[in-house]
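Trainee: Right, I'll just put the structure down here and ask away after.
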Amino acid sequence: MEVVIVPDAKEGGELIAEAMAALLRRKPDALLGVATGSTPLPIYEALANKVAAGAVDASRARICQLDEYVGLPAGHPESYRSVVLREVVAPLGLGADSFMGPDGAAEDLQAACDAYDRALAEAGGVDLQLLGIGTDGHIGFNEPCSSLASRTRIKTLTQRTREDNARFFDSLDEVPHHVITQGIGTILEARHLVLLATGEGKADAVAQTVEGPVSALVPASALQLHPHATVVVDEAAASELKLADYFRATYAAKPEWQGL
Ligand SMILES: N[C@@H]1[C@@H](O)[C@H](O)[C@@H](COP(=O)(O)O)O[C@@H]1O
C-alpha cells in the first residue's frame, strides 16, 4: 500500500486526476470506477479540466458506479446514478452509454446485484477504482463487519452513515436504509484501488485502514490485501498516522516515471 500525504484536497484531486489521465493515455477505453460523496469532487473537476484543456482524451473512457441507494424514485437527484451522471459522465463529455451501475429500483434486487458483478467482469474488469471512506471505515457501502470476500449485494446502512449522508437530503428520514454496494471482494478485483480521504473527521478511519489490522470491522483495511492500493490523504486526515514521516520521505524519493 502506498500512502501519499498532500497539503489539501485540491492537490489530492489533481494528483489522482493525473493518474487517471495517464491511464487513459495508455488505455483510452479504461473502465474507471467512481465513488460518490463530497471527497472525490476535486478529482472529477481536475479531470474535466484536463479534458477541456486537451491534455487527455476521455472520449472512449467507460465509467462504472460503486454503490447505489435502494428505493429512491428513478431520476432522484441524490441517487448515485444521477450523481455520477451529473458529476462525472457529463463533465467528461460522455453519454449515458459510457456508464454502468447497479439498478437500485429493480424488483429483484439480488438479481440486479448478480447482474452487475457479471457486467463488470464482462466489461473486462475495473482498471482503476476510486474510493472514499466513511467515518466508520466503510468503502462503497460496505459497513463494518461486511465480509472481506463479499460480492455486490444489498446492505443496511448504519445510523451513523445515514446521519453523515443526511446533508444530501431534506431530512434524515429521507435517507434510505438499504443500498446496493459492490462487495469488498468485488472491489478488490479492480486493478488499481485509489482511496482519497480529506479532513480531520477521517483521521481515525484512515489510521485504522492503513496501520490497523485487516479486519471486517474496518472494511477499508481490506486495501492491505490488494497488490496495488494507493491511499491519498491531506494533512488533517493523516494526523493520526504513526508512520506519516516515513510515508512523506518515501513519496519524496519516488521516481517520477513510476506514477501512482
Ligand atoms: N457510499 C459513499 C461512499 O462511497 C463514500 O466514500 C462515503 C464518504 O463520503 P464523503 O466523501 O462525502 O465523506 O459516503 C458514502 O457512504
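Along the chain as shown, residues are numbered 1 onward.
Just so it is clear, glycine is given a Cβ too, placed from its N, Cα and C backbone atoms.
It should be emphasised that the depicted structure is a prediction, and the values quoted were computed from it without experimental measurement.
So TrEMBL has the following annotated:
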ACT_SITE  D67  active site, proton acceptor
ACT_SITE  D136  active site, for ring-opening step
ACT_SITE  H138  active site, proton acceptor
ACT_SITE  E143  active site, for ring-opening step
DOMAIN    11-225  domain 'Glucosamine/galactosamine-6-phosphate isomerase'
SITE      S146  site 'Part of the allosteric site'
SITE      R153  site 'Part of the allosteric site'
SITE      K155  site 'Part of the allosteric site'
SITE      T156  site 'Part of the allosteric site'
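If you look at the structure here, what lies around each of the features I listed?
Mentor: Listed in sequence order, T36, Y80, P102, G140, F141, V179, I180, T181, Q182 are the same-chain residues at least 6 apart in sequence whose CB falls under 8 Å from the CB of D67 (active site, proton acceptor).
DSSP assigns D136 (active site, for ring-opening step) to coil in the three-state reduction, placing it in neither a helix nor a strand. Around D136 (active site, for ring-opening step), the same-chain residues at least 6 positions away in sequence with a Cβ under 8 Å from its Cβ are E143, P144, T158, R160, T161, A205.
Here the Cβ of H138 (active site, proton acceptor) has 27 other Cβ atoms within 10 Å, regardless of which shown protein chain they belong to.
Annotation note: E143 (active site, for ring-opening step) sits in a coil segment as assigned by DSSP.
All protein chains included, S146 (site 'Part of the allosteric site') registers 22 other Cβ atoms within 10 Å of its own Cβ.
A simple way to gauge crowding: the CB of R153 (site 'Part of the allosteric site') has 22 other CB atoms within 10 angstroms, across all the protein chains here.
A strand conformation is recorded for K155 (site 'Part of the allosteric site') in the three-state DSSP classification. The Cβ neighbour count for K155 (site 'Part of the allosteric site'), using a 10 Å radius and every protein chain shown, is 21.
Counting every protein chain shown, the number of other Cβ atoms lying within 10 Å of the Cβ of T156 (site 'Part of the allosteric site') is 13.
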Trainee: Under a threshold of 6 Å between Cβ and any atom of ligand 1, which of the recorded positions D67, D136, S146 are retained?
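Mentor: Only D67 meet the Cβ criterion.
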Trainee: To the nearest whole angstrom, what is the C-alpha distance linking T156 (site 'Part of the allosteric site') and S146 (site 'Part of the allosteric site')?
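Mentor: Rounded to a whole number, the Cα-Cα distance is 11 Å.
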